[in-house]
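Shown next, in structure tokens, is the structure this report addresses.
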Amino acid sequence: MEKKYILALDQGTTSSRAMIIDEEGEVIGVAQEEFDQIFPKPGWVEHNANEIWASILAVIAGVLLKTNISSKEIAGIGITNQRETTVIWDKESGNPIYNAIVWQSRQTEDICKQLRKDGYEDTIRSKTGLLIDPYFAGTKARWILDHVDGAQERAEKGELLFGTIDTWLVWKLTGGRAHITDYSNASRTLLYNIYDLEWDDELLKMLNIPKAMLPEVRPSSEVYADTVPYHFFGEEVPVAGIAGDQQAALFGQGCFEKGMAKNTYGTGCFLLMNTGEKAVRSENGLLTTLAWGIDGKVEYALEGSIFVAGSAIQWLRDGLRMVRQSSDSENYASRIESSDGVYVVPAFVGLGAPYWDSDVRGAVFGLTRGTEKEQFIRATLESLAYQTRDVLYAMEQDSGISLKTLRVDGGASANNFLMQFQSDILGVPVERPENKETTVLGAAFLAGLAVGVWKDKNEIKKHWKLDKRFEVEMKDEQREDLYEGWHKAVKAAQAFK
């Protein structure tokens, strides 16, 4: 039986998905399963790692049954994952010693405060490209070792293993034969030196993380190990590609050249720009991260995250009940010529890059007696585009590269009003692909390269198909006036703390 399909596993924050991709890069079938969110205290978010694993087994079985494709026809497995979420488990039993601590969780704030107090910010920045923040995996591992009896001692003896979700899934799929991660995920731990490409002894000492528990770091596209037959309908299938979700989306968007960038409009926005084989240190509060490692070399990216994007549209729907469904926001926004001076600063959980202000809160400016819900909805959508421009401007400043086009994906990229305004406020065209499942595609392409389904990046590029290109329609003067108004609104919101 010909092995011509790739199985891509997308382990996300609220659900796990499995997709089967054919040689043309088309999605043949998909299965999805949600799992529970655990909130032990305000600001804490955890997952049951065994439940995540069960959801992965369920979606693998589900997608094979749904498509009537045999496990014998699967050439390889690619994995993409929610980044930074951390699991520590017992090497012998395979049981986690505590829940997985999720990327959103703020429970390690005290550890971060201590690191800042001890003066580690510059060291961390210069070695990892990251900021000290509870977002990243290293402090989560430290928290688990601190809060589970005997964990530190057991970790030092080599009895416990640490991993982000990719590592956990590969370990389970291969029956414990492979304890690995890839460059993209390792670069999100606060423990990995992105220049020397190794776990950094000084950083490990700083957080007192025993080296014995860390996974081996491997390229993003490589045959790592085979699945154990009992997890895969009697087949040993190569696990052959891994990338964190945002890097996978950059790859799935075909952003292979230096200076190419993508924005994923999900709950938040994640912007990544490929900076090639050179790591660009940011002077503007962006993260420097590993994009992927392929063909014996690594490539880097600049990353900026916007905390509130799609969730602002959900707020219009669920909080304010201004729209029945998220897609209605496009119709309301398009009915009027402008927002009439209304600005929404959706800083519900602070502002991310390039402001990094966790104390600022949401605000609305410019309301008059004539303001109606159309202006309010339009201004909320526009805020996503303004924040994207903030980040892209910072990327251009840091990298010295002028953006020529922006590729987009994620739920809100389906909103034509938003995409047109995005193009207008950036002053560059915006390209939306036919297949918006770019994260899953990225994982599939990485695995397919390793097992020979695709020859090289050039062949993969041909599978990127344009759905719509949004050309710039706004005049320069209007663009700058609107953007200046946005900056005034942000400053005013920051002053209100």
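Keep in mind that glycine also has a Cβ here, set from the backbone N, Cα and C atoms.
Record features (Swiss-Prot):
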- Thr13, Thr14, Ser15, Thr267, Gly310, Gln314, Gly411: ATP binding site (BINDING)
- Thr13, Arg83, Glu84, Tyr135, Asp245: sn-glycerol 3-phosphate binding site (BINDING)
- Thr13, Arg17, Thr267, Gly310, Gly411, Asn415: ADP binding site (BINDING)
- Arg83, Glu84, Tyr135, Asp245, Gln246: glycerol binding site (BINDING)
- His231: phosphohistidine (MOD_RES)
Listed recorded positions (Arg17, Arg83, His231), ranked by Cβ neighbours within 10 Å, top entry: Arg83
Alpha-carbon spacing, Gly310 (ATP binding site) to Arg83 (sn-glycerol 3-phosphate binding site), which is rounded to whole Å: 19
Integer Cα-Cα distance in angstrom, Glu84 (sn-glycerol 3-phosphate binding site) to the residue listed as 'phosphohistidine': 26
In three-state DSSP terms, the structure that Asp245 (sn-glycerol 3-phosphate binding site) belongs to: helix
Residue from Arg17, His231, Asn415 whose C-alpha is spatially nearest that of Asp245 (sn-glycerol 3-phosphate binding site), among the recorded positions: Arg17
For Arg17 (ADP binding site): DSSP state (helix, strand, coil): strand
Sorted by sequence, non-Arg83, Glu84, Tyr135, Asp245, Gln246 residues with Cβ within 8 Å of centre, glycerol: Gln82, Thr85, Trp103, Arg188, Gly244, Phe270
Residue among binding-site residues Ser15, Arg17, Thr267, Gln314 with Cα closest to the Cα of Tyr135 (sn-glycerol 3-phosphate binding site): Thr267
Near-site residues: sn-glycerol 3-phosphate, ref Thr13, Arg83, Glu84, Tyr135, Asp245, CB cutoff 8 A to centroid: Asn81, Gln82, Thr85, Val102, Trp103, Gln104, Arg188, Gly244, Gln246
Cα-Cα distance linking Gln314 (ATP binding site) and Asn415 (ADP binding site), given in Å to the nearest integer: 14
Neighbour-count leader, CB within 10 A, binding-site residues: Ser15, Thr267, Asn415: Asn415
Rounded inter-Cα distance in Å - Thr267 (ATP binding site), Gln246 (glycerol binding site): 13
In the chain carrying Gly411 (ATP binding site), residues 6 or more apart in sequence that have Cβ under 8 angstroms from it: Tyr265, Gly266, Gly310, Ser326
Arg83 (sn-glycerol 3-phosphate binding site) and Arg17 (ADP binding site), Cα-Cα, nearest whole angstrom: 15
Between Arg83 (sn-glycerol 3-phosphate binding site) and Ser15 (ATP binding site): CA-CA distance (Å): 14
